[in-house]
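I have placed the structure first, in the form of structure tokens, so that the comments after it can refer back to it.
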Amino acid sequence: MVPELQKSTVRIQQPERVMGVIRAIKEQGCSKLQVISDFDMTLSRFGCNGRRCPTSHNILDNSHVISEDGKKKLKDLLHHYYPIEIDPNRTLEEKRPLMVEWWTRAHELLSQQKIQKGDIAQIVRESDVMLRDGFNELFDQLHKYSVPMFIFSAGVGDVLEEIIRQANVFYPNVNVVSNYMDFDDSGVLKCFKSPLIHTYNKNNSVLQGTAYFQQLSTRTSIILLGDSMGDLTMADGVPSVENILKIGFLNDKVEEQRGRYLDAYDIVLESDETLDVVNGILRYILMET
């Protein structure tokens, strides 16, 4: 059915159930399908040539528009909060307020840097960001079959949209909900628009998605792509779900997180920098039989 599922990076706890879901989504047809995806480290690569690839926040943090002092403070925040974000021994309840604190402090620091709206394209061009191998096929196929793609990101929307734009895949079927910058009349960043989206509130509490999902109420088959426990709630705004396939990229601390990911995601991709498996499943689902 889907030869890509034989890749060595693939782990599936319940293969029969997963194949059943994939078959059911195919039977429902592409008019019933929508894709809901995280962006950073899901559509973009986690690592390349042994180095970490940047997230949409990192792209700003590391860019020429941030002062040395600003860079140091942002790095300090990362070193303090990132271990908390991925700590398997803390509950989501413990993590949530700390993530709000991190994002708020980072956005306040960025807002002091006088970032110009016109600089963002250049900042993205100069960065090391890479989309996962196979991104062209993913975006092209979804566009060709008019399958809506909802990108739900705790990153920076302005940066993320620019990455997709520069990759020439920002098609009309792609919708983004993320943290967007608010510029003053002269195009200088003054703050970020609310609501704040962090790793662990990607759910109904962020209301921008709900109107979107209402319009797509007939699309009851969902493929969800994520890389964190916080991404599992991204489809919570969908009014009725008949079939959902959750695919998780396990990028970091693979050994210690494997058990939790296998329990939470239908398919887990370990240290896999490609979209091969996603594309293989879509090829099977979208193939006219």
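Even glycines carry a Cβ here, placed using N, Cα and C.
Here's what Swiss-Prot has on this protein:
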ACT_SITE  ASP38  active site, nucleophile
BINDING   ASP38, ASP40, ASP227  Mg(2+) binding site
ACT_SITE  ASP40  active site, proton donor
BINDING   GLU85  CMP binding site
BINDING   GLU85  N(7)-methyl-GMP binding site
BINDING   SER153, ALA154, LYS202  substrate binding site
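Put simply, ASP38 is the one of the recorded positions ASP38, ASP40, GLU85, ASP227 whose Cα lies nearest to the Cα of LYS202 (substrate binding site).
The residue listed as 'active site, nucleophile' is 8 Å away from ALA154 (substrate binding site) when you measure Cα to Cα. Each of the recorded positions ASP38, ASP40, GLU85, ASP227 was scored by how many other Cβ atoms lie within 10 Å of its Cβ, and the smallest score goes to GLU85. Among the recorded positions ASP38, ASP40, GLU85, ASP227, the ones whose Cα sits within 10 Å of the Cα of SER153 (substrate binding site) are ASP38, ASP40. The Mg(2+) site, placed at the center of the C-beta atoms of ASP38, ASP40, ASP227, has further neighbours from the same chain whose C-beta lies within 8 angstroms: PHE39, MET41, THR42, LEU43, SER44, SER153, GLY226, SER228, ASP231, PHE249. Considering only the recorded positions ASP38, ASP40, ASP227, the residue listed as 'CMP binding site' has ASP227 as its nearest partner by CA-CA distance. Rounded to a whole number, the distance between the Cα atoms of ASP38 (active site, nucleophile) and ASP227 (Mg(2+) binding site) is 7 Å.
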